[in-house]
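Per TrEMBL, the features are as follows:
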- Lys52: N6-(pyridoxal phosphate)lysine (MOD_RES)
- Lys52: active site, proton acceptor (ACT_SITE)
- Arg146, Met330: substrate binding site (BINDING)
- 247-387: domain 'Alanine racemase C-terminal' (DOMAIN)
- Tyr268: active site, proton acceptor (ACT_SITE)
Amino acid sequence: MLDPVKAGDIAPDPISADLAGGVLTVDLGALCDNWRTMRAASGAAECSAVVKANAYGTGQGPAVKALRAAGCRTFFVAHPHEAFLARAAAPDATVYVLNGLPPGAGRRLASAGVQPVLGSLHELAEWRREAGDAPAALHIDTGMERLGLTAREAAGAAAQGVGQISLVMSHFVASEEPDNSLNDRQIARFTELSALFPGVRKSLANSSGIWLPQAPHFDLTRPGYGLYGGNPTPNLHPARPNPMRPVVRLEARILQLRDIAPDDTVGYNARWRASGQRRIATLSAGYADGVLRSASVRNTGAPQTHTRPHTGGAALVAGVLCPFAGNISMDLLAVDVTGVPRDAVQAGDMVTLIGDGLNVDEVAARCGTIGYETLTSLGQRYARHYVGAA
Ligand SMILES: *Cc1c(COP(=O)(O)O)cnc(C)c1O
């Protein structure tokens, strides 16, 4: 009889570049530099790191280890299982679970030394029942209307005693819009409600919140997106360059090059038609790898409806920005490389989908989404290279 499969037997081997369609390179040095930049911008507050969703697609284990070595002591994740991974990577760090306390999970969280961010009076009561006086954070809602205690509930919670509350926090609705009056409203509300919890540490700012002119840093800041290279200051007037270093670089291999005739169409449903002689490169990446289907470039048939107008995706081929052609497939996509000198490109070459100035924010804008989604959609079947670790 065969032995039952053990977890170790099915743990995937690292994927090597020659056997993968693409290579994802994560610069842990840049990640740590970005954390230091966020820490400097956070004034006297402690700077934590938000590493939910596999550290925004970059790989939670390597990210947590690198950030811990750089001096980060506090980490935020969304789910308990993510917290256990963070704990394993940084056993002496403080780990908070943003999504709160799932029913029945209290004892396991407490024994692992993980703290839920309690988002309702119900969760607070359950935590006390299951975890006794183990510490936890409290989420106060100041305008998102998603999770968190109302003003009245916050007063009720404060009246029950603040001893085991290690942190009170809230979350900005629109901190990437410095002109939005919601920011001042939320800062005022949070200042007022968090004062119900004397002596308890306070936290409000995400990446963009850290850079607001009001400097709402309180005791602890919670950057995520900016750590991974996204621009936390996209709407400043006058504009200023992204203060963050790029962290993610994504390359895919050219499988074939083909010269096509006028009126030939490319890809599923024939949604791109050559206006003349064109040269097409077929890349070994598709929507299963996180190149969103909304990055498709179409010039035939009915126009696609989008929430925002966008140009569609592009790749850097031998340094030339080349637009995608046609619908993105699951495992393949086509790029119009007519603008690249013929002898500068051949099958087997790697082209850049993110990196070399084609940054995460631009890649996202080209397919009508935000860089957060681009990062968290990064696929699982790339060869992953981690560079620049301390
Ligand atoms: C995701 C998240 C953050 C980090 O936000 P960024 O915009 O990625 O910096 C901070 N706080 C909470 C509550 C979050 O859910």
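First residue shown is number 1, and so on along the chain.
Every residue, even glycine, has its Cβ placed from backbone N, Cα and C.
The structure, with features from TrEMBL marked on it.
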residue	record	CB count, 10 Å
Lys52	N6-(pyridoxal phosphate)lysine	20
Arg146	substrate binding site	10
Tyr268	active site, proton acceptor	13
Met330	substrate binding site	13
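Arg146 (substrate binding site) sits 39 Å from Tyr268 (active site, proton acceptor), taking the C-alpha atoms as the reference points. Helix, strand and coil counts from DSSP across the domain 'Alanine racemase C-terminal' (247-387) read 25 helix, 48 strand, 68 coil.
Met330 (substrate binding site) sits 11 Å from Tyr268 (active site, proton acceptor), taking the C-alpha atoms as the reference points. Rounded to a whole number, the C-alpha distance linking Lys52 (N6-(pyridoxal phosphate)lysine) with Tyr268 (active site, proton acceptor) is 35 angstrom. The average pLDDT the prediction assigns to the domain 'Alanine racemase C-terminal' (247-387) is 95.
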